[in-house]
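Just below is one structure, and these are the notes that go with it.
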Amino acid sequence: MALRNILIHPDPRLKKMADPVANVSDDLRQLADDMLETMYNAPGIGLAAPQVAVMSRLVVADCEKDEDASPNPLVLINPTVVWTSPDKSVYEEGCLSIPDQYAEVERPKEVEIEWMRLDGKTQREKFDGLWATCLQHEIDHLDGKLFIDYLKPLKRQMITRKMQKLKREMARG
Ligand code: K1U
Ligand code: ZN
């Protein structure tokens, strides 16, 4: 297992559509392991492959809130939202590619998602609460969409400018 570098917005790779995964390979299993380690280390509750500069439709997540509970990692290959509830919920979202910036985003409260598992089998499951919010946020990453794209242009611009400044400071060391 290895930690991968997380891309920081703005980066053209975070705005691109990721490619479907054709088959489960050793490289893909390694990537999923590395992404889980990177997510837990950040710390975060989700991570999409484009955030670590791999343009494949792969997501990892663990939204277990109880710190005493054992980890509950999920690896989703080619996830698609097959149903959304008419009810909405609002959650203050963050993003590991937009550090220290949070904003309220409204999304469907419940979703049903279909994906391929690491054993190649197809799974379909309904999610609610933080799992539903997080998985929609992660699938957006696969389509080149960030949570700030849901905000008003002025707020999005303000956050983008902060991130440009952060990246300049990081480059200076
Ligand atoms: O995709 C990402 O950048 C990960 C992101 C996922 C997410 C958070 C909140 C709402 C929707 C999606 C994060 O994990 S940001 C960090 C975070 O939320 C967190 C960190 C430590 C403990 C609990 C939460
Ligand atoms: Zn994110």
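Placed from the backbone N, Cα and C atoms, the Cβ positions cover glycine too.
Unlike curated records, TrEMBL annotations are generated automatically.
A 10 Å cutoff on Cβ-Cβ distances gives HIS141 (Fe cation binding site) a total of 22 other Cβ atoms nearby, all chains included. The Fe cation binding site annotation in TrEMBL covers CYS95, HIS137, HIS141.
Around GLU138 (active site), a 10 Å sphere centred on its CB holds 22 further CB atoms from the protein chains shown. Per TrEMBL, the feature active site maps to GLU138.
Excluding the listed site residues CYS95, HIS137, HIS141, the same chain places GLY46, ALA48, GLN51, GLU93, LEU96, SER97, GLU138, ASP140, LEU146, PHE147 with Cβ atoms within 8 Å of the centre of the Fe cation site Cβ atoms.
Counting Cβ atoms from all protein chains shown, CYS95 (Fe cation binding site) has 24 others lying within 10 Å of its own Cβ. Neighbour list (HIS137 (Fe cation binding site), Cβ cut-off 8 Å, at least 6 residues apart, same chain): GLY46, GLU93, CYS95, VAL105, PHE147. GLU138 (active site) falls within a helical segment according to DSSP.
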